[in-house]
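Colleague: Sharing a structure with you now.
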Amino acid sequence: MPKKCRHLLQTSDLSLDEIKLLLNKASVYANDFNAVSLETKEKMHNKIIVALFFENSTRTVSSFEIASLRLGAKIVKLNMQTSSTSKGETLIDTFKNIHAMQPDAIITRHAFSSAPFKLAEFSQCPLINAGSGMSAHPTQALLDLLTLYQHFGGLENLKGKKIAFIGDVKNSRVANSNIKLLQRLGLEIMLCAPSSMLPSTPLRTTHNIEEAIAFADILMSLRTQTERHNAPIFASLKDYGNTYCITQKRLSTHAKNKEIIILHPGPVHRDIDIESAVLEDKRSKVLEQVKNGVAMRMAVLEFLLSD
């Protein structure tokens, strides 16, 4: 095991030059998943990566698994519902036991915001945060940035662009990571949600989706995270969607004189977060985000493991 290693717990762990390096490498992989150099394949060939997901995941865990395999590494994905944590073993003890088996990297997701930072204290191999509570999801922010980088033609073209986050911003680790990263790159940010879904923030906010659409070059829709709510905020998700769904009508009325793109980290609540017709529209970049998830996670794993 390496004596020194890098972790990726939040986007601030990366310098701007490192972010540019990841974007360049991920762009190559997004264009061709098989464009892995022989040198990289040789370095990754005997690497063993463990995925410890204590929360459900479809896109993130699958894309990390595919990214690992495309690089030539092996990945062990543990089912935490059938692990010893269900018998009362603590998070720290589970991690220490897996760590004792000397994997080359560990990818973790947990409901507690502090979990990856605590685990990093014990880790002598690269630790990647695949989502921690409401705090951080760095690889999601990086793949979203890759999607913007591709669409607008480089980082230099992102400065001054306007992005509106619409939905459950307060409970979204995706929004939190994206906001911190995009602020570093000079984007203007607006948050749009009912009061109960907005964090305390100096950023510009609105309760009006029409205002957000008129403001933005980029819309980032967010799922309503009812599992993190102490009490119902709306009578139903349909009632929420009536007020905050991104629809063709709203776009044609309030974004008719400009190009606008729409992102969502998934899972999408169709006709609640985004109207089905909008999801199929060329302005929707949702499936590009999914593809870019594999490419960016390939770049991240290569960056952390190609020693």
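Cβ coordinates are placed from backbone N, Cα and C, and glycine is handled just like the others.
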Colleague: Among Arg6, Arg109, Arg184, Arg250, which residue does Swiss-Prot annotate as binding carbamoyl phosphate at the site that also has Arg59, Thr60, His137, Gln140, Gly266, Pro267?
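Modeller: Record check against Swiss-Prot: carbamoyl phosphate site with Arg59, Thr60, His137, Gln140, Gly266, Pro267, extra candidate from Arg6, Arg109, Arg184, Arg250 is Arg109.
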Colleague: State the Cα to Cα distance, in Å, between Gln140 (carbamoyl phosphate binding site) and Arg173 (L-aspartate binding site), rounded to an integer.
Modeller: 9
Colleague: Which state, by DSSP, holds Arg223 (L-aspartate binding site): helix, strand or coil?
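Modeller: Its secondary structure by DSSP: coil.
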Colleague: Assuming the binding residues for carbamoyl phosphate are exactly those in the record, Arg59, Thr60, Arg109, His137, Gln140, Gly266, Pro267, what is the maximum CA-CA distance in angstrom, rounded?
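Modeller: 16 Å is the greatest Cα spacing among the residues binding carbamoyl phosphate.
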Colleague: So for Arg59 (carbamoyl phosphate binding site), how many other CB atoms are inside 10 Å of its CB?
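Modeller: So the number of other Cβ atoms within 10 Å of Arg59 (carbamoyl phosphate binding site) is 16.
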Colleague: Mind giving me a neighbour count for Pro267 (carbamoyl phosphate binding site)? Other Cβ atoms within 10 Å of its Cβ, every protein chain shown.
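Modeller: Excluding its own Cβ, Pro267 (carbamoyl phosphate binding site) sees 11 Cβ atoms within 10 Å.
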Colleague: For Gln140 (carbamoyl phosphate binding site), just count the other CB atoms lying within 10 A of its CB, please.
Modeller: 25
